[in-house]
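Contents: one structure, followed by commentary.
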Amino acid sequence: HMVQRFEEKSPLKTPPFKNNAKLYLATFASVLGPMSFGFVLGYSSPAIPELTRISDPRLRLDDVQASWFGSIVTLGAAAGGLVGGWMVGRIGRKLSLMLCALPFVCGFTMIIAAQNILMLYVGRVLTGMASGVTSLVVPLYISEMAHEKVRGTLGSCVQLMVVLGILLVYFLGLFMDWRWLAICCSVPPTLMMVLMCFMPETPRFLLSQGKRREAEEALRFLRGPDAPGTSFHISDLKDPGVYKPLIIGVMLMVFQQMTGINAIMFYAENIFEQAHFEESDLASVIVGLIQVVFTAVAALIMDKAGRKILLIISGVAMTISTVALGVYFHLMSKLGSAVTDSTSVTAEQPDLSWLALASMAVFISGFAIGWGPIPWLIMSEIFPAKARGFASAMVVLSNWGMAFVVTKTFQDMLMSLTSAGTFWLFSSTCVVNILFTVFFIPETKGKTLEQIEAIFRGTSGP
């Protein structure tokens, strides 16, 4: 491989951390993107209650509009995934990242300056598009820079920053109104744009463009092995080295959304209100905190434990907790219908609201340790070099498409299936998740991107 030849020529045998310091810096600059996208996802939770009660009639949202305000982001993100897949191959990973700071900032500016509901929607679509581009580009940028010893950990930082963004926006939502909150949300993307100016393009992209000298310089900056690439044609979909990982990538994203995570996060405050938990906005902050802690744990053990075992543990935790949430809502509806006398209701409530909170905590920690970070990480690892832009675009599109379907239909599911039925539906999909993991997902821990490609090509594939 061309890259191995680079490495023999380049004097890069310095001690590990000093060696990785610039790699960590480049990772930090790029993961400000996912952090911005966490700000976008979390923003609706504190903003919707304010916007439904706002005094200005032009901005007041009814239930249907509130549900669109929450979910229209995912449509923007699905479009952003398609645009990102094209950009990443055409103008490179670095420029794509710098450019997606623009719709982030423009979108939040639209929200800050909103005079009517349409402007709020446009702002959400723009920030959603930026999130879609980011969720595609950053995992690629990191997996192409990092070497296999740290790729899992650095790749998990993407999800870690997303949940950190969600936590920060929940936390700031305690103190700020929705306009000031939108101003704060424009800070990370601006910072990302500035820092990315000083970071290199990934060596693999430079090689695929035939820029050998720049690729050597980028390698000297980062020290990360990678391979030369060629261009992708639709006929390549007949190659098992392309279609097998593509099916796995798409299924991972579909299953990730089918766990109900986005529905649960988007409606966290409503769930707490239904659970008669007084401090519903504070509870959301706690949820965000749990998510950050467990995603950090996952990032630390990712390269030691392996991807597969974490996905299975995660699936089991989510199955148990969604069943429990279903039971909780089932008992609540029984209580609600049986007891008309208000005093005995309030006496019954506290005992059960803890069941809801505990289940939420288990669900979110379970999601954060496996199904949160790993599908994005595996997406950035399993595609052969030439198909990376196209295949990642398909995967991101399926993720955000499903996210839209789940969040948009969540309210209707609650109506038709009841709260209990909805969570039991999620729990049954979590069981399917576990089976899918066991039978179809290869372990990518500690393998180079070329070795992973060979698994799908060769006989040792799924």
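Note: Cβ is positioned from N, Cα and C throughout, glycine not excepted.
Where the annotation comes from TrEMBL, it is an automatic prediction and has not been curated.
Straight from TrEMBL, the features:
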type	residues	note
TRANSMEM	21-46	transmembrane segment
DOMAIN	22-445	domain 'Major facilitator superfamily (MFS) profile'
TRANSMEM	66-88	transmembrane segment
TRANSMEM	95-115	transmembrane segment
TRANSMEM	121-142	transmembrane segment
TRANSMEM	154-172	transmembrane segment
TRANSMEM	178-199	transmembrane segment
TRANSMEM	246-267	transmembrane segment
TRANSMEM	282-302	transmembrane segment
TRANSMEM	309-332	transmembrane segment
TRANSMEM	352-378	transmembrane segment
TRANSMEM	390-410	transmembrane segment
TRANSMEM	422-441	transmembrane segment
Next on the checklist: Short question: most Cβ pairs under 8 Å with the transmembrane segment (66-88), which of 21-46, 121-142, 178-199, 282-302?
Outcome noted: 121-142
Checklist entry - Of the stretches 21-46, 178-199, 352-378, 390-410, which racks up the most C-beta pairs under 8 Å with the transmembrane segment (246-267)? => result 390-410
Checklist entry - Per the 3+ Cβ pairs under 8 Å rule, pairs at least 6 apart in sequence, do the transmembrane segment (154-172) and the transmembrane segment (282-302) touch? => result yes
Checklist entry - Looking only at the domain 'Major facilitator superfamily (MFS) profile' (22-445), what is the mean pLDDT? => result 86
